[in-house]
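This report refers to the structure that appears directly beneath it.
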Amino acid sequence: MKSSDIDQDLFTDSYCKVCSAQLISESQRVAHYESRKHASKVRLYYMLHPRDGGCPAKRLRSENGSDADMVDKNKCCTLCNMSFTSAVVADSHYQGKIHAKRLKLLLGEKTPLKTTATPLSPLKPPRMDTAPVVASPYQRRDSDRYCGLCAAWFNNPLMAQQHYDGKKHKKNAARVALLEQLGTTLDMGELRGLRRNYRCTICSVSLNSIEQYHAHLKGSKHQTNLKNK
């Protein structure tokens, strides 16, 4: 039995014996024979069951270019190392994304050139320069790897910059700034209590955040109680 007869027996319009797949419609048949899973199983099958030198596509890749020109393109694609059971499957492959992508890489690698022309890459260095702007007593030399204020680690400088530009870090930095301002007027005991529960002992009121506490200190009620104390 010839290898072509064996291939036709393995890959029919209604069933793929290599993958044990039932093919109901033409679209399902084309999609299956075009899939990477099918191609991988076919290569593995020919490795385990070599006939007439193995898979035609594999055999032709080891030969010179002049021999490859004599290959029937409706039976195999030497560029993608794939074999076909019919002209319909072959035509679908040549019009598909996988073949087009590999053909572009072979002819001149146009895809990498497009990525270098994008304006995204030159925008990254200026954003990196804005990282040291964040002033904090928790700032460390390796601030592009760790934020002591938020106890956050970073895998790269871009991730660090996104953190410093985020709401969470800015909110924590604002709290630290307020605590530093209040620290000049409060003693250490009051400051420690403030860090825990934001309570004003003069007005006997508890607040939910440092921002509310700071606003309360500037309010008329607190100022009146402070004068009457």
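The backbone N, Cα and C atoms fix where each Cβ goes, glycine too.
Annotated features in Swiss-Prot:
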{"type": "ZN_FING", "residues": "14-44", "note": "zinc finger"}
{"type": "ZN_FING", "residues": "72-106", "note": "zinc finger"}
{"type": "REGION", "residues": "116-135", "note": "region 'Disordered'"}
{"type": "ZN_FING", "residues": "145-175", "note": "zinc finger"}
{"type": "ZN_FING", "residues": "198-228", "note": "zinc finger"}
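The highest tally of CB pairs under 8 A with the zinc finger (198-228), across 14-44, 72-106, 145-175, is held by 145-175. Across all of the zinc finger (72-106), the predicted model scores a mean pLDDT of 80.
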